[in-house]
Amino acid sequence: MVKGVKGRPNVLAIVLAGGEGKRLFPLTEDRAKPAVPFGGTYRLIDFVLSNLVNSGFLKIAVLTQYKSHSLDRHISLSWNVSGPTGQYIASVPAQQRLGKRWFTGSADAILQSLNLISDEKPDYVIVFGADHVYRMDPSQMLDEHIASGRAVSVAGIRVPREEATAFGCIQSDDDGNITEFLEKPADPPGTPDDPDMTYASMGNYIFTTEALIQALKDDENNENSDHDMGGDIIPYFVSRNDAHVYDFSGNIVPGATERDKGYWRDVGTIDAFYECHMDLISVHPIFNLYNSEWPIHTTSEGNLPPAKFVRGGIAQSSMVSSGSIISAGTVRNSVLSNNVVVEEGATVEGAVLMPGVRIGKGAVVRHAILDKNVVVRDGELIGVDHVRDAQRFKVSAGGVVVVGKNQVV
């Protein structure tokens, strides 16, 4: 692990957390995508922050912009690691240091925050996204980046070629040098050792600091640039033969099983978000939340009582978080966040219920996601009458009904 001890490089981690997440609407109607609750007790940003902290990186700047109040509050309450040793996880909003404008792209976000780099004077800068579900030890990627001698390393995950058209794709030679970076290509390139697989970019990068600063300044003066890390900065280095691919399949996380090794999910759509939750409650989930050797950290639930099941209330094949009460109701194949109440005769099946949701007596909720503080009236049906659902709520391509935050239905 890289812990900033004597003889180790000085590293600053920057987490890009300003994403709007339009494809997750209405879950992102009132919050930034990285702040969306996940897995009962977490938020999406907890995964990248846990990976960095577990790996020993404790100088972390989280760049925020879009509807960031929930995210800022979560970071301040859950991720307070500041101390006399210079460790911190800080939420950094758009500061308009280069004029009265917001971030125009992910590269522009870092350009406008170069003061963070000049203050820390790091040898290397980690730039990771904030909205994926995975475990990773970034220190292993840093070690390989240093050994490569390149200006940037891009984390690549192996995906079948036919599934890679939705990603930024990496073509590399046998030595890991990136020869081409293609955005959502119709014919993705194979990996050097397997023509049926493609390196898809995970949106995680490690830069040698001086090279990153120069690239950002050159990009600022490029009128044809969209000022995007994946779309502009990485191709900038590829064109200079100065980019390396890091094969994520070789990343070894303590406590990982063969089943969840190399797991990484983009939960940027309602269906992907829902399916990822359904995996969590399976008997043998691909992604194991219960790995104590590489924990996913979040707000302590020490002040909440345990979940309670009364008057014959039951939960089968489900995750039920602290403070929740199931009173003579039935929950199956569902994920319940904190302080959820399921009342007498209610049925919840195949659902994701976020904090504070209340399901009234005799109500039925199926194949649905209910955002924070939704109240379902007695006898109401959700996920039963598809025509009526479509008239009232968003329904995904996969048929998942989504009820937005604070609604009473």
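Backbone N, Cα and C define each Cβ position, glycine as well.
Now, the feature entries from Swiss-Prot:
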BINDING   G168, E183, K184, S201  alpha-D-glucose 1-phosphate binding site
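Around the Cβ of E183 (alpha-D-glucose 1-phosphate binding site), 13 further Cβ atoms fall within 10 Å across all displayed protein chains. Around K184 (alpha-D-glucose 1-phosphate binding site), the same-chain residues six or more apart in sequence whose CB sits under 8 Å from its CB are T165, A166, F167, G168, C169, listed in sequence order. Largest Cα-Cα distance over the residues recorded as binding alpha-D-glucose 1-phosphate, namely G168, E183, K184, S201, equals 10 Å.
Using the Cβ center of G168, E183, K184, S201 for alpha-D-glucose 1-phosphate, the list of other same-chain residues with Cβ within 8 Å runs, in sequence order, F167, C169, F181, L182, P185, A200, G230, G231.
DSSP assigns K184 (alpha-D-glucose 1-phosphate binding site) to coil, not to a helix or a strand. The Cβ of G168 (alpha-D-glucose 1-phosphate binding site) has 22 other Cβ atoms within 10 Å, all protein chains considered.
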